[in-house]
């Protein structure tokens with residue numbers, strides 16, 4: 001195994017807990033082990049499967065995550081990623097000034113790893129990324145050329161991380177488990193959540209409106225739930241409209257959950273020349 005991929009798991013010292021018994025996990029050779037003897041091998045791609053049993057995310061498979069990677073490579077989500085990085089960089093600067101330690105970031109629902117990789121590359125934070133999909137984490141770890149992230153397959157309803165060891169949770173276009181976020185966050189820790197707005201992918205929504213159960217969308221309920229769960233400190237809206245080549249558009253049509261239950265072949269997409277992505281990025285803290 002690539003020694004660099006192996007050694008990045010030393011970042012997990014004091015962070016991880018055994019999904020079987022809850023004891024701390026430590027790096028021993030090419031595996032993570034607990035005192036009770038439970039062992040989890042580091043795969044050659046550079047990730048660890050901490051998930052008991054087989055799980056599959058509905059609507060997502062390896063092909064779907066490869067489409068997601070193709071869409072992210074187009075640059076259409078870069079502005080959202082850069083805003084997340086600015087927030088994390090500010091938090092990391094404050095953390096370092098406070099106790100000279102790096103900011104520990106947990107990406108909950110990392111998918112194919114675009115946002116985790118970008119944050120690790122653009123900030124001084126240490127990033128641990130988790131997803132329930134083995135396909136997504138395999139792809140993420142295998143394409144992490146900088147070896148800047150530690151990758152895990154895990155149950156996000158029972159994150160295998162010790163209590164109060166994380167400084168910032170990223171929840172980017174993913175369902176939130178605020179109970180788990182509260183548990184893993186250190187006192188004063190932060191949640192950074194990105195959610196689509198009513199204008200997100202509106203060109204696709206309008207074209208598919210006849211097949212959508214609800215052709216309108218509002219993120220108001222998601223924001224209210226966030227505010228009920230933690231203190232909302234700031235909201236930043238990021239918008240980008242960009243032309244996509246036919247290959248990138250096809251990839252977007254295949255990967256977006258908006259169209260999972262739509263007969264895409266029955267719709268003429270040929271004159272969709274540009275697409276808008278828009279997100280509200282929420283910064284919160286538990287009180």
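Glycine residues also receive a Cβ, built from the backbone N, Cα and C atoms like all the rest.
Following the DSSP three-state reduction, the secondary structure of residue 21 (Zn(2+) binding site) is coil. Residues or ranges marked as Zn(2+) binding site by TrEMBL: 18, 21, 34, 38.
The Cβ of residue 113 (S-adenosyl-L-methionine binding site) has 28 other Cβ atoms within 10 Å, all protein chains considered. Marked as S-adenosyl-L-methionine binding site by TrEMBL: 77, 112, 113, 200.
Counting only same-chain residues 6+ beyond the ends of the domain '23S rRNA (guanine(745)-N(1))-methyltransferase N-terminal' (17-51), those with a CB under 8 A from a CB of the stretch are 1-2, 5-6, 8-10, 132, 134, 137-138, 140-142, 144, 147, 151-155, 158, 160-162. The domain '23S rRNA (guanine(745)-N(1))-methyltransferase N-terminal' feature in TrEMBL is assigned to 17-51.
Taken from TrEMBL, the feature domain 'Methyltransferase' applies to 105-189.
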I'd like to confirm something. Which of the binding-site residues, 18, 21, 34, 38, has a Cα closest to the Cα of residue 200 (S-adenosyl-L-methionine binding site)? 18
Proximal but sequence-remote residues of the same chain as residue 38 (Zn(2+) binding site) (Cβ under 8 Å, at least 6 apart): 18, 20, 21, 23
The correct DSSP tally for the domain 'Methyltransferase' (105-189) reads 25 helix, 28 strand, 32 coil
If you count other Cβ atoms within 10 Å of each one's Cβ, which of the binding-site residues 21, 34 has the most? 34
